[in-house]
Amino acid sequence: MSRSVFSTLRPVIGQKTTLAPFALSLRHASSSSSPFSTPTEPTSFHTQPSHSTPTGPLPLTWPSYLSLRRQRRLWSTLTSVPTTFLGLFLGGGYFASLEADPSQLIFGVEPMFVYGGATLGCMALGYLIGPSVGATLFSLTHPSIARGNPAPLEVMDREFYHRIRKNRADPRFQSVQNIVPDFYGEKIVSLSTYRRWLRDQAVYKRKAMHGVPGEDL
């Protein structure tokens, strides 16, 4: 009697064991399709470092930064005038005090011409160091934005030039008759000029791409 009962119950036990994996698969499918579930394993094992700019809030707004950038450029331009004349006066005064003997040539050239060229060189040197002096004076008069690690103005400069490099036209397509307009964005002083700069870059890209063979692109 017990043997016959065991033989009748064996198919039922076998059926339960075969349904168990199917139930587990249904449970796994329902849990994975749930919108609130979180995967236990990462989808990718090889993650590459991101080279994009930081997405955090910028220390300055763009209108205020462009206004400060315009002021700094103005300071650099204005200080070039006194430094140029200072180099001219210092160089001219020094070389004028030297005794020039026409019979003694300097590299085969009369001393008067050499001293005159050196005076012009001092004037050019004063013109070149003018923007650096102006930028230094601007930083001293605006310590809240020019100091720090990193300084707010430095962060904005980095972000600004990143956008310039990203949106400007490819210089490989330029020619003597068709030069990239404002390649470094030096004329950008406001949001309106920045939008105009973007339009100019787009127009240049269309002109540069027009008529270029496909194999050269």
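In case you wondered, yes, glycine gets a Cβ from its N, Cα and C as well.
When Swiss-Prot is compared with the stretches 126-146, 189-209, the one noted as transmembrane segment is 126-146. Residues of the same chain lying 6 or more positions beyond the ends of the transmembrane segment (78-98) and with a Cβ under 8 Å from any Cβ of it are 111, 115-116, 118-127, 129-131, 133-134, 137.
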